Amino acid sequence: MTFSVKLPINEHKNGTLERKSDFEFEFAHTLISTRNQMDIPPSNDPKTPLLPLDDPNQRSQIKFSSSLKSILTSNNFNILLGPLLSTIICLHVNLDGSLTTSRNMLAVLAWIFAWWLTEAVPMPITSMSPLFLFPLFGIASADDVAHSYMNDVIALVLGSFILALAVEHYNIHKRLALNITLVFCGDPLNPPLLLLGICGTAAFVSMWMHNVATAVMMMPVATGILRRFPTGPNQSVVVGKFCRAVVLGVLYSITIGGMSTLTGTGVNLILVGMWQSYFPEAAPVTFSTWFLFAFPSALLMFLALWALLCCLYCSRSSGQALSVYFDKAHLKEELEMLGPMAYAEKMVLALFSMLIVLWMTRSITEDIPGWGVLFKGLAGDGTVSVMIATLLFIVPSKKQKGQKLMDWDKCKKLPWNIILLLGAGLAIADGVRSSGLADILSESLDFLEAVPYLAMTPAVCLISSTITELITSNNATATLIVPLLIQIAKTTHVHPLLLMIPGGIGAQFAFLFPTATPSNTVGFATGHIEIQDMIKIGLPLKIAGIAVLSLLMPTLGVYVFRTGEQVQ
């Protein structure tokens, strides 16, 4: 049955409505608007309805088609990929008649890494999946898995991130950068020396803060210095090269600086956490022992980076051309805008310095045990980190009555995604070991016993650095490759750290592409560099890094980490 409605209004040719009453006008306006939105041409036939007649078949087809399109998306396929791979492994993979838990652990790994690689589910949520996958697959209890998400390594990260937020809040990093750059500017302008100062500042800040946070802080400082130069067609070749050198230098210096301390990047923490998890009876890798090896390695790589940039982009002869646009006045103006250092800034800087000293002196050598012996070895690096972070919420800032240096509102920017990813890496390491999957991997790597260690170290660095460039993030690469390297070390009767450290540090050599790490993306987004610039500097820098690790690990590494001792 068809219903027609005769409206008590007239629609004129110009589209206006003759109103007879407010209600009639609103009702008519609604019907005509609906007709126009549905692209229904107006009809002169008064019997033609303004609204379309319902076609049940057509409506059901449209609903089915839209529902099918909403289901058959690439993201939904990637979500199903994890459980699908896990099911296939559980049904069809037989690890030489081994325990069911080993096969289940392999299935869980396939599930987690499928979600990590495709990012079908946000990475922080994927990082929490071991909390339900391990108990469901019979690998570990819920309490055991949860323990991996809060241990001394995670406490170290939490305290460091809170302190980094305090440094950022009070602009200490910017003040430090401007002062050091002012010192290295030179008179007359010396471009290589200025580049050394800018890159050195970025590397130093990155030693104590996460790479991404350092990139977000330091890149505006670097581009602020470059604003003195002209842009566009008026920019000379010399100026353009120096701009590229500064951005590339800051970008790679952040990565290199992060290598040198445990808190510099998540990869170092993952590596140390796995060492403690796999070998709880062995001597722990402390902040000071890591620094004694990683800092000389990072220093050699930093000098190689600086030499590459000076040769390709920033010669000493360019100083005369650059001095036209650049002098010390610009830096002094920015420094004056910050004003004198307030009490709050001095206290944050003092607590920051105290934390570094406590980290370095907790365990020094066997002859000089450090302050940790006073607590019978019960205190760790995380203990100190959380203690200093707690003081930030106790010490007054003297800006307002009752105000402290930090409050919890300032901590809303804590990078929980990094913390959860670290916890997932430690949980996976425990699962691979406890499920027996580690022993199976070890048995399948017998052929590596014939490979000499000197050839194995560069191979490990090359593999891990290639994976992190093309496949996944630095942290995920370390989580994937470090347990495998532990089994290779057991098979070849090599101290595990001799392979774990080159593999872990090699996973940070993501120098070639903007998408390899978030800090690379931050530098690329400035518009000063292109992909060919990253490859031109990144490839030789990667080769230099592999050479440095291959040289120092069998020499300095043997002394620092005492790899001559037997590990159980």
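Using the three backbone atoms N, Cα and C, a Cβ is placed for every residue, glycine included.
Unlike curated entries, TrEMBL annotations are predicted automatically.
TrEMBL has this to say about the protein:
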- 77-95: transmembrane segment (TRANSMEM)
- 102-118: transmembrane segment (TRANSMEM)
- 153-173: transmembrane segment (TRANSMEM)
- 193-226: transmembrane segment (TRANSMEM)
- 246-270: transmembrane segment (TRANSMEM)
- 290-314: transmembrane segment (TRANSMEM)
- 347-365: transmembrane segment (TRANSMEM)
- 371-394: transmembrane segment (TRANSMEM)
- 414-432: transmembrane segment (TRANSMEM)
- 452-485: transmembrane segment (TRANSMEM)
- 497-517: transmembrane segment (TRANSMEM)
- 537-561: transmembrane segment (TRANSMEM)
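The list of residues near the transmembrane segment (414-432) in space but at least 6 beyond its ends in sequence, with Cβ under 8 angstroms from a Cβ of it, reads 105, 108-109, 112, 122-124, 126-131, 134, 139-140, 144-145, 148-151, 153-154, 157-158, 161-162, 165, 210, 212-213, 266, 269-270, 273-274, 277-278, 438, 475-476, 478-479, 482-483.
The recorded stretches the transmembrane segment (102-118) and the transmembrane segment (193-226) do not share 3+ CB pairs below 8 A when only pairs 6 or more apart in sequence are counted, and are therefore not in contact. For the transmembrane segment (246-270), the most Cβ-contacting stretch among 153-173, 347-365, 452-485, 537-561 is 452-485 (pairs under 8 Å).
The transmembrane segment (153-173) shares more Cβ pairs under 8 Å with 371-394 than with any other stretch in the list 77-95, 193-226, 290-314, 347-365, 371-394.
Long-range Cβ contacts of the transmembrane segment (290-314) within its own chain (Cβ-Cβ under 8 Å, at least 6 residues beyond either end) map to 191-192, 195-196, 199-200, 203, 241-242, 244-245, 248-249, 252-253, 256-257, 259-262, 268, 272, 360, 501, 505, 536-537, 540-541, 544-545, 548-549, 552, 556-557, 560-561. Same-chain neighbours of the transmembrane segment (347-365): 159, 163, 166-167, 170, 172, 208, 262, 284, 286-289, 291, 341, 371-372, 379-381, 384-385, 388, 391-392, 395, 397, 405, counting only residues six or more beyond its ends whose CB sits under 8 Å from a CB of the stretch.
Distant neighbours of the transmembrane segment (452-485): 113, 116-117, 123, 265-267, 270-271, 274, 278, 418, 421-422, 424-425, 428-429, 432-433, 438, 441, 492, 494, 496, 498-500, 502-513, 516-517, 542, 545-547, 549-550, 553-554; these residues of the same chain sit at least 6 beyond its ends, with a Cβ under 8 Å from one of its Cβ atoms.
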